[in-house]
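Feature annotations, courtesy of Swiss-Prot:
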| type | residues | note |
| --- | --- | --- |
| ACT_SITE | Cys340 | active site, nucleophile |
| BINDING | Arg213, Lys228, Pro229, Ala230, Glu231, Gly284, Ser285, Thr286, Thr287, Thr288, Gly289 | NAD(+) binding site |
| BINDING | Arg213, Arg334, Ser498 | substrate binding site |
| DISULFID | Cys340-Cys342 | disulfide bond |
| MOD_RES | Lys126 | N6-acetyllysine |
| MOD_RES | Lys126 | N6-succinyllysine |
| MOD_RES | Lys135 | N6-succinyllysine |
| MOD_RES | Lys184 | N6-succinyllysine |
| MOD_RES | Lys265 | N6-succinyllysine |
| MOD_RES | Lys265 | N6-acetyllysine |
| MOD_RES | Lys365 | N6-acetyllysine |
| MOD_RES | Lys402 | N6-succinyllysine |
| MOD_RES | Lys411 | N6-acetyllysine |
| MOD_RES | Ser499 | phosphoserine |
| SITE | Asn205 | site 'Transition state stabilizer' |
| TRANSIT | 1-47 | transit peptide |
Amino acid sequence: MATCIWLRSCGARRLGSTFPGCRLRPRAGGLVPASGPAPGPAQLRCYAGGLAGLSAALLRTDSFVGGRWLPAAATFPVQDPASGAALGMVADCGVREARAAVRAAYEAFCRWREVSAKERSSLLRKWYNLMIQNKDDLARIITAESGKPLKEAHGEILYSAFFLEWFSEEARRVYGDIIYTPAKDRRALVLKQPIGVAAVITPWNFPSAMITRKVGAALAAGCTVVVKPAEDTPFSALALAELASQAGIPSGVYNVIPCSRKNAKEVGEAICTDPLVSKISFTGSTTTGKILLHHAANSVKRVSMELGGLAPFIVFDSANVDQAVAGAMASKFRNTGQTCVCSNQFLVQRGIHDAFVKAFAEAMKKNLRVGNGFEEGTTQGPLINEKAVEKVEKQVNDAVSKGATVVTGGKRHQLGKNFFEPTLLCNVTQDMLCTHEETFGPLAPVIKFDTEEEAIAIANAADVGLAGYFYSQDPAQIWRVAEQLEVGMVGVNEGLISSVECPFGGVKQSGLGREGSKYGIDEYLELKYVCYGGL
């Protein structure tokens, strides 16, 4: 049986033994063989080789501040959402550690801003290369801590690395302007300068990509960062810190302060209100985003917010049913429905409704397989925790009580408390929770509509507007709907729209600013106007 050689050699005594493939458990004074099988359903107890052989250097449990690995006064557990088993104990940073990280980032900023764009570009490229070299290990870390199917985790690592590659190139494309003024003896210059220390707060659903999308832009611009990763998935952020160090990113430029859910509020407030922080970048819920905006307002900090969504997926009568179903599958069930751009409500025109629902249900039954993310063939892993399952369950029960029909799924999965069956509902009406509350799970509610105007009205009724999708073969309709949807991103006959080259962000209460693309670096730059006279 495979054993955890990486755990035996890494010296990280706080690591738990229940990573898939692991047969050792830590105790005071050393590591001893496991006394028995890990708890949970038999199918989830152990996946030999899941993390066995993982690079020891990548599995870190301390905070990373000023180029050093530092413990905290306390630790908190990180669990495998598939089995509920403890993966390890991680440094539980508090306000003191947060302030120390900000100070380290500020001191580093005074030096990093003077590094040439070419050198910053080179270092980011080295970081990218190391991610590619370690992509298999990084993917396994994601699957272990988030439950995401391994195939999707590999996809995230590539997506994550590509942000470093992209911004390594954008670092050398930060241009200013020369403006000719009415006065003959003057010239006006516009300089773009790094804004300063950025506080970066990231979610659990994309624990690697949401970091590099922000940090790549910040470092390319000449800023330094303090990253507070989600408490459910800190290992990915810490692995990135190790690779950043190996790439030669200077001490203090990239700092990571993991913390428990108990400390998250005060740590978030500490880094967002610190006078040495000039920029806040957050991906998460709209509710938390509003709290951070309040913190930022007191000192008028620059903010980027990528918040909640309620993405509509509209299928018009002219749509190709097979294409629409393929798009619906991709949009809804990636990461088990736990993405901010997942379709949240399906609006299907009356003439195509029955054919779409039938084909959608058949595709779900044929192509979706619930299981542990390390198991080959799994397409739907666990939800991140039982609270997430309870939310999906509540929405399903609410809809059914108000007249919705369960086409397929509809209940918890037998694999364990964090699993829920991929669910399709029809006869859904707008008074149901699932139509105005972001689900973040494998639930697809279908609303029947009659006219284009009706569909647009339903889609735009939300107070958020991140992404929207629609399928149509009518060119005139395509232009009308694309322009009328009140969202930041539109997929036309396409269910997957994210790309490093394209601007990511929303309107209304879905956020502020854009990430990725040529516009992403601007979020970390200040414009300075210089008037040069006496010429």
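Quick reminder: no glycine exception, Cβ is built from N, Cα and C everywhere.
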Among Thr287, Gly289, Arg334, Ser498, which are recorded as binding-site residues, the nearest neighbour of Lys365 (N6-acetyllysine) by Cα: Arg334
Residue, out of the modified residues Lys126, Lys402, Lys411, whose Cβ gathers the largest set of other Cβ atoms within 10 Å: Lys126
Pro229, Glu231, Ser285, Thr287, Gly289, Cys342 filtered to the recorded positions whose C-alpha is within 10 Å of Arg334 (substrate binding site): Cys342
Conformational class of Ser285 (NAD(+) binding site) under the three-state DSSP mapping: coil
Structural state of Lys411 (N6-acetyllysine), classified by DSSP into three states: coil
Pairwise CA distance, Gly289 (NAD(+) binding site) versus Cys342 (disulfide bond), rounded so that it is a whole Å: 19
Between Arg213 (NAD(+) binding site) and Ser499 (phosphoserine): CA-CA distance (Å): 11
Where the record names Arg213, Arg334, Ser498 as binding substrate, the maximum Cα to Cα distance in Å: 19
Gly289 (NAD(+) binding site): tally of other CB atoms within 10 A of its CB: 23
Rounded Cα-Cα span from Lys135 (N6-succinyllysine) to Lys126 (N6-acetyllysine), Å: 14
Of Arg213, Pro229, Glu231, Thr287, Cys340, Ser498, i.e. the recorded positions, those within 10 Å of Asn205 (site 'Transition state stabilizer') when Cα atoms are compared: Cys340
Among Lys135, Lys184, Lys265, Lys365, which are modified residues, the residue with the most C-beta atoms within 10 angstroms of its C-beta: Lys135
